[in-house]
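Novice: Handing you a structure now.
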């Protein structure tokens with residue numbers, strides 16, 4: 001049972017790290033929708049009190065969106081490539097266009113979940129109604145009793161109002177839900193236009209043909225999978241050798257014994273090699289031949305990452 005669970009988690013991990021960004025973003029959006037629905041059903045509870053409604057309503061929309069955005073930034077491999085690049089080499093190798101595309105890629109991927117959360121919250125309307133009910137002008141309501149003010153309006157989301165104000169509560173709720181849903185649909189439209197323009201700009205500015213860019217994406221995906229798989233085996237064999245040297249023996253299962261016998265590991269890679277293959281990679285060509293990654297460039301013995309007279313550059317955004 002434990003092996004089956006581990007295998008399922010491994011499959012999900014590989015799937016979420018695959019090159020199909022659209023499927024990944026779709027699943028993130030669906031997960032966010034489900035989370036928002038659960039939050040609305042079980043956690044959202046408007047205080048129905050002046051001054052508190054506004055803070056609570058905005059927090060219900062903004063705080064989860066901010067948390068999801070930060071999680072998206074942390075989860076993105078490009079973030080840590082940027083950190084490694086700035087730590088090891090600085091930003092001297094970044095052109096303005098490359099820097100813009102890089103941070104656009106990180107922010108865009110991280111924005112999927114928070115935008116989805118905000119859209120669903122606005123379409124549902126509960127948080128918006130809670131936040132703004134007390135700010136509805138009584139004069140905008142037909143024959144609203146003058147003795148009632150913001151304190152009564154703040155209780156409208158909880159339906160805790162005098163019987164003679166039920167009609168006004170329904171009008172206020174309907175008006176605020178209309179505004180909330182309008183903002184939600186506008187946000188969807190703006191995001192759709194931005195995504196379309198970004199895709200067009202990316203392909204128009206790319207120095208590669210569509211087929212070569214697709215091949216580049218396949219290469220990077222396969223290189224990443226093979227590197228991770230090989231690194232796991234290498235580290236396991238190295239750990240087995242060190243444990244054996246300490247204890248005099250090492251307890252290996254059948255699969256691990258086969259790995260130790262099949263792949264002899266003599267030592268570890270020096271730090272300069274790790275530094276050479278770590279960090280942000282800007283697409284380069286060497287004498288007309290493409291270099292698809294830092295590992296590819298290291299294997300070919302090409303030094304540096306600065307622009308060359310015959311080189312092109314394009315930030316890799318497909319994974």
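Even glycines carry a Cβ here, placed using N, Cα and C.
Automated prediction, rather than curation, is the source of TrEMBL annotations.
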Novice: Transmembrane segment per TrEMBL sits at which of 182-201, 202-221, 222-241, 242-261?
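Specialist: Of 182-201, 202-221, 222-241, 242-261, TrEMBL gives transmembrane segment for 182-201.
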Novice: With the ranges 96-117, 118-139 to choose from, which does TrEMBL describe as transmembrane segment?
Specialist: 96-117
